[in-house]
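> The structure under discussion is supplied below as structure tokens; questions concerning it will follow.
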Amino acid sequence: MDLAFFSVQLLNGLQYGLLLFLIASGLTLIFGIMGIINLAHGAMYMIGAYLVYDLTFRLGSFWLAILAAIPVAIALGLIIERLFLDTLYKRDHLYQVLLTFGLILVLNEAQRIIWGGDVHSVPVPELFSGRIQLTDNLQYSHYRLFVMGVCLALAGVIYWVIRHTRLGIIIRAGAVNRDMVEGLGINVRTLFTLIFSVGVALTAFAGMIAAPLTSIAPGMGDSILITCFVVVVIGGIGSIKGAFWGAILIGMAETFGSVLIPSLASMVIYLIMAAVLLVKPRGLFA
Amino acid sequence: MKTTVKKTALASLIGAGLAIGGVVNASDDPVKLGLMLPYTGTYAALGEAITNGLELAIARHGDQLGGRSVEYVKLDSEANPSRAPQNMSRLVRGDNVDFVIGPVHSGVAMGMLRVAQQTGAITIIPNAGLGAATNELCMPNVFRTSFSMWQDSYPMGKVAYDRGHRRVVTITWDYAGGKEDIAGFEQAFTEEGGEILQQILVPFPSTEFQSYLAQIGSLRPDAVYTFFAGGGGVSFVRDYAASGLKDSIQLLGSGFLTDGNLAAIGEAGEGVLTTLHYAETLDTPQNRAFVEAYQAAYGDMPDTYAVQGYDTGMMLVQAMEAVGGDTSDQDRLITALSNIQLDSPRGPLAFSDSHHPIQNVYLREIRNGRHEVVGIAHENLEVPDEACNM
């Protein structure tokens, strides 16, 4: 492996890792902080991609489509939390698993009814349609660089909100002891609705921003679900910092693993998870 | 609403068919066709296209088979291999169908073949491309009207060599269908004297191709041969173009890479070469008539799957005519089916001893968002079936 090839793969690994962080960040909030097992995470990612596909063609602009799709995603989160999850917090985790598994089926079928079974794509927005030359025969799209920037910026914002704001303190406290925070006069019910909606919106946003880089097809969210759980578990449940480094680690491992040890390509992330959990059973940053 | 339109269109076609087909003998018992196809889930569009093609063929011939009316028993296979044996048994033993038509998915085919062997039910496979169905697992009562992975990719090997490519990288998903496909290409390409630099297997169903594209860039082949389908096909062709590799390294592929995906692939697909046993742009009177009739009936352009369904219907029409509508003598029916030669929209179609289509495979290039037929990559190609002894 020469230096040029190594550098290109480093860039690929970093970009994939950052995108993984964005996709997993919603799960960190919902699963990591609120403790809700949301199996419909992948389906929400898919809904984000389909929304932006639909709205890009309706509104004629990718950016407008994202602006219009975010409120829809927040509304979806609101509805799901208030109508279904709200009644399940006091119950066993199994109920959340059943509910969110049901949501996968409902969202997947809704996708098929609204948008059909065909494969779609969203063109890369004009502004970032250029490419930089990496090696003599390889180029890299400006849009991928832009996505990296967005992911980094969002990582910073989420980290700052959770660590350094009053809202962040309340969120962390509410996750640890819901009753105590309620006793201090804070409306935890509203707080949880807020976090869940933001989590859904982040997940859907990941689908939106990834849409020009991927193909939009039924079931596209199913395969990312497991990877996201792996990222959150490796990083340490509830830790934004952990999810970030977990995502970078998995991104690098998949990128280099698939080329260097192709026979283990599909296993490599689980091997890493096993190794991390052996050394640090609660994850890297728990 | 949609069904009503469809029914009316079909009715008018039936009228036309009656006029051409002549006298139809009335019979008490309808011929029962058991359709075991996916009508929900990822493969629903394929199941629907096959059903449309099949019904169109039969409707165009007076909505009868050998003088008997036709009853369709449709069962949603859900493309679920674990339910295949049970579903097939239900059609054969429960509904007593005369013919089973299905499936789309190769995994489901494996389950169906087991029941086909136990029950001897006449089964026509309108899609699933697993090689074994007409080779190791072949049986007298099983026919296929579609393709095998090998059949569609083998001709590309010679095409690649003739175009001056000597060093090629192949890339596909790490699953049976993908591996059977690139094996056909690699066989033909190395027979000609070409070299396979590397065979890349991507975990199924990953569509994260960046690291593999970097690998291809550093290997510097003359061309890349690939098999991906559905979302994977769209992602690969778009990523390949976005990485700039397309400018220096020719992309070759199975027809399934781009079939049904052209709109989603967009500009990235221009110049990509693929081989397949059909192209909707095929300029023959048979295909033009088929496309016109299909559009009149369903409002859509037909695809490869619709043709496979249509030819399944044509097989039934001709075989049932040959036996005069008598389904009681199964051996006679099987002989009639094996002797069929069709003037199909895809070109001349006959069946090998293992009941697999002997057909043309076309070389197609994407130009202006359409599969233009460049030529016949291999004429009347028969697939290897040494392991079949029936």
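Placement of Cβ uses the backbone N, Cα and C atoms for every residue, glycine included.
Remember, TrEMBL labels are computer predictions, not curated facts.
From TrEMBL, for reference:
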TRANSMEM  A:16-40  transmembrane segment
TRANSMEM  A:60-85  transmembrane segment
TRANSMEM  A:97-115  transmembrane segment
TRANSMEM  A:143-162  transmembrane segment
TRANSMEM  A:190-211  transmembrane segment
TRANSMEM  A:223-244  transmembrane segment
TRANSMEM  A:256-279  transmembrane segment
> Counting Cβ pairs closer than 8 Å, which of A:16-40, A:190-211, A:223-244, A:256-279 has the most of them with the transmembrane segment (A:60-85)?
A:190-211
> Does the structure show the transmembrane segment (A:16-40) and the transmembrane segment (A:256-279) touching, where I'm treating 3 or more Cβ pairs under 8 angstroms (sequence separation 6 or more) as a contact?
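No, the transmembrane segment (A:16-40) and the transmembrane segment (A:256-279) are not in contact.
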> Considering only the recorded stretches A:143-162, A:190-211, A:256-279, state which has the highest number of Cβ pairs under 8 Å to the transmembrane segment (A:223-244).
A:256-279
